[in-house]
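Taken straight from TrEMBL:
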- 5-80: domain 'TECR-like N-terminal' (DOMAIN)
- 155-308: domain '3-oxo-5-alpha-steroid 4-dehydrogenase C-terminal' (DOMAIN)
- 85-107: transmembrane segment (TRANSMEM)
- 166-184: transmembrane segment (TRANSMEM)
- 196-215: transmembrane segment (TRANSMEM)
- 235-250: transmembrane segment (TRANSMEM)
- 256-276: transmembrane segment (TRANSMEM)
Amino acid sequence: FVSYQVEILDWKTKKQLCFLDKVEPNATIREIRLMFHKLYPRWYPARQSIKLDPKGKSLRDEEILQHLPVGTTATLYFKDLGPQIGWTTVFLIEYTGPLFIYFLFYFRMPFVYGLDERFTSSPHPVVNLACICHSFHYIKRLIETVFVHRFSHGTMPLRNIVKNCLYYWGFAAWLAYYINHPLYTPPSYGKKQINFAVIMFLLCEAGNFSIHVALSDLRRKGSKTRKIPYPTKNPFTWLFFFVSCPNYTYEVGTWISFTIMTQCVPVGLFTLLCFIQMTIWAKDKHCTYLREFKDYPSLRMPIIPFLL
């Protein structure tokens, strides 16, 4: 076979970082990353972005050298992505924070509302119910992170963890402050409003979990192959008939129900921001499905059936 020569340049300065000789034509980008890592130990594979063009997209691990639009002397560009952190660790940090932060306000610690209100329980049962639902939501997320989720990308930049934690932890503190405040007033329509919200909350949580299990079953452990998700015998997965990302649909539904349950403005604002962010993610994923699969179901929308 004809061996390849691979030149790797810095994406910004165009300075040559290394020259790999006698590389097999069927070598994958992952294997090239490992070769590069041997020469530069501080740049481990997850930290490397290898590109065909300095301003182009990163090449995927599974792409094969001889299938790329390059000659037998290939020029690739390297970009340092910075220190990385595993997605499992990311989610464990992001979701553990809101769980414990909420309790600081629920138990009315002295430094939160003042000495006069310390350790006093709320006269409104909905406050206890909100704490149970909020805790259940994040405990479920932690369980899914450990036992259900399979990540196509193993890591994310370490610097992003601060931004993500500020978002999740900050909002948890803000909404918990108002829900557990001594002056909190319960929902306008009383038990009817609360009961409706609780039923909606539980249905959405069950739906979200069902979708995550269905998505996990699509991919073998360690595999990055993407497949079209289809409804299963579980009725909660039937939303796949209409949307590409029903896990986001159910997640938004969960926070809408929590907003109805607590009738609290900060919760409503958090729900709105969740919906905006998840719509962006859903649209991106929907476009990826359309691009990768010619037989992708035409009836599906990104997040809201028939609308969006």
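The backbone N, Cα and C atoms fix where each Cβ goes, glycine too.
Proximity of the transmembrane segment (196-215) to the transmembrane segment (256-276) is established through 3 or more Cβ-Cβ distances under 8 Å for residue pairs spaced 6 or more apart. The list of residues near the transmembrane segment (85-107) in space but at least 6 beyond its ends in sequence, with Cβ under 8 angstroms from a Cβ of it, reads 119, 127, 131, 134-135, 138-139, 141-142, 145-146, 149, 151, 153-158, 160-161, 164-165, 168-169, 171-173, 176-177, 179-180. Residues belonging to the domain 'TECR-like N-terminal' (5-80) score a mean pLDDT of 92 in the model. For the domain 'TECR-like N-terminal' (5-80), DSSP puts the residue distribution at 17 helix, 29 strand, 30 coil.
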